[in-house]
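Peer 1: One structure is given below, represented as structure tokens, and several questions about it will come after.
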């Protein structure tokens, strides 16, 4: 290159490495109604100031890189950069703090959770200057949430489709989760639905394995629910898992489910991916299918307190991507879930407007501007003795799902379903009469046992079953 045309480092911009905080830490910034706001729990490496660590998060999740580049001069960084606008300590943690970051809306593609997460929870989580990083919450402005379809139908439309009101819905995951033939699987579905459940469910890892191919399962399950509907006079459903190795195969399964006339399909939204999930949600709305969502893999992402992403963020992402149900823990069962934290993200799933409430882990006020709500599903290690607590904790707009708590009944699947239905209706009646389920719940169940031998047998077999471990994710 001739000396006349050689680009000098001193011409046009000043090369080198600058502290992130000089550009991306802006405590004077006033957030806009259109900004996407994030609350990160940051654990910097020793010697890294909080302001520099917070600014690094803002930079690396938006426009920044490790050095100054000449193409910075071709755009407006002030318009597009993320900004760390506040830092606060974490009580009881000397090495951690909460960094609040504001992102301008133009950084993100409309209607794409995939693009949103690629920026905000992308490479920045491997940044060497940070020992750990956790995304605690996101504020999604109406100007962005309105670019999403959201749930295919929502809570009220689902109740209208099922013609079921005034109580939680009852479900059951078919067990053993793997190994049954399609015909035996369909038989278990029929027995549970005939006994009084509203739904049965494929487990998350039931896809199309050698022992039971998906098409055979779909056909036998459709036959089972049609037979149960005819006998009970109630609308029934089975969550047919459409999750597959490719989006094309997933859609093929959803289309076949619709052709069978079933009311609901299922997807593993984290292992399947947000792009696939959003596509399936759009298909379900267009074709009248409800969509049940399983959160398999969530604990890999959300269980550790100092690194990853809290489930409340995954819950918001699912509401935008689309789903009518999602598993949300139980508080009282075998899976992780502290009560206040769980109820915080349950409200974020169901309600239209949720106020900031740090006592429940909600860092920002969230306005969903009439986006349909999602039914939380309580599932995992629950049985009839848990029914009063579940009814009191989750209320009517929920699905209470008993797998082993139905199929483990000593008299069989149908009596197990009867026991759960009787226990639920007893709890709902007691609550409606003004009784305190938190205090009188066990007595309500014992009274119901007097006129339901199925419930009495269930109470006897599970009277000693408890899962008493401290939760990891506390506020």
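Placement of Cβ uses the backbone N, Cα and C atoms for every residue, glycine included.
Below are the features I grabbed from Swiss-Prot:
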type	residues	note
MOD_RES	3	N-acetylproline
MOD_RES	14	N6,N6,N6-trimethyllysine
BINDING	123, 173, 177, 295, 327, 379	substrate binding site
ACT_SITE	175	active site, proton acceptor
BINDING	201, 203, 204	Mg(2+) binding site
MOD_RES	201	N6-carboxylysine
ACT_SITE	294	active site, proton acceptor
SITE	334	site 'Transition state stabilizer'
Peer 1: Go through 123, 173, 379, the listed binding-site residues, and name the one with the sparsest Cβ surroundings, counting other Cβ atoms within 10 Å.
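Peer 2: Candidates: the binding-site residues 123, 173, 379. Fewest Cβ atoms within 10 Å: 123.
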Peer 1: Just the number: how many Å between the Cα atoms of residue 295 (substrate binding site) and residue 201 (Mg(2+) binding site)?
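Peer 2: That comes out at 14 Å between the alpha carbons.
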Peer 1: Would you pick out, from the recorded positions 175, 177, 294, 327, the residue whose Cβ has the largest number of other Cβ atoms within 10 Å?
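Peer 2: Neighbour-count leader: 294.
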Peer 1: Go through 201, 295, our binding-site residues, and report the one whose Cβ sees the most other Cβ atoms within 10 Å.
Peer 2: 201
Peer 1: Does DSSP give residue 204 (Mg(2+) binding site) helix, strand or coil?
Peer 2: coil
Peer 1: For each of 203, 204, count the other CB atoms within 10 A of its CB; which of these binding-site residues has the top count?
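Peer 2: Going through 203, 204 one by one, the largest Cβ count within 10 Å is at 204.
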Peer 1: Within 10 Å of residue 294 (active site, proton acceptor) by C-alpha distance: pick out those among the recorded positions 123, 173, 175, 177, and say none if nothing qualifies.
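Peer 2: Near residue 294 (active site, proton acceptor), where near means Cα within 10 Å, there are no recorded positions at all.
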Peer 1: Determine which residues of the same chain, besides 201, 203, 204, have their CB within 8 A of the center of the CB atoms at the recorded Mg(2+) site, and list them by sequence.
Peer 2: 173, 174, 177, 202, 205, 206, 239, 241, 266, 294
